[in-house]
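Asks: TrEMBL lists 54-95, 97-138, 139-173 with the feature repeat 'WD'.
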Amino acid sequence: MINVQTAQKESSIQLEGKFVYSLAYISDGSKLAAGTINGLVSICDLETGNVQFLDGHATPVRSVSFSPDGRLLASASDDKQIKVFDVRDGRLAIPSLNGHKGWVVSVDFASDNRHLVTASTDCSVRIWDLASKEEKHCFNTHEDQVWCARYSPQGNNIISVGDDRSIMIYQCA
């Protein structure tokens, strides 16, 4: 932790594995999730400094995202899978979500805590329904790899950007 006023390092977090590819804060700011190049997923309690290591992926974790209610953590990886963990005990809350044909490089929760959007090097953007554990929609609107997809704060739009230099906006409602 760096004190912004003094620019002095007050504390730091040590994670196992190689370098970190992705980070996410939980909505109340008490926890930080990290995904590493060697597939580890971890959750750090910023108040206690305790780090919980999760059964991650075999390949780099490109993106992590907490659900707005803070109960779930999703991770996206080069193994073409999305995993959803229960933050309380670190176990898989949902079996791996599969469907992408390339690296999954971006994951984001909708404001309803029930849907995910993912982006992949397979040029697709996908919406997942966590209740049914199934893909709800697949959009192949990009002509090249898609590097990021995010829900709007209200959850009524999704925005994505890819190597084709286009920004796509999808209306959800």
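Just so you know, glycine gets a Cβ as well, placed from its N, Cα and C.
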Asks: State the non-local partners of the repeat 'WD' (54-95) in its own chain: residues 6+ outside its ends, Cβ under 8 Å from one of its Cβ atoms.
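Replies: For the repeat 'WD' (54-95), the list is 21-28, 31, 33-43, 101-109, 111, 113, 116, 118, 120, 128, 130, 133.
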Asks: Across the repeat 'WD' (54-95), what does the mean pLDDT come to, as a whole number?
Replies: 95
Asks: Counting each residue once, how many in the repeat 'WD' (54-95) are helix, strand and coil under DSSP?
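Replies: Counting residues per DSSP class in the repeat 'WD' (54-95), I get 0 helix, 23 strand, 19 coil.
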Asks: Go ahead and report the DSSP secondary structure tallies for the repeat 'WD' (139-173): helix first, then strand, then coil.
Replies: 0 helix, 18 strand, 17 coil
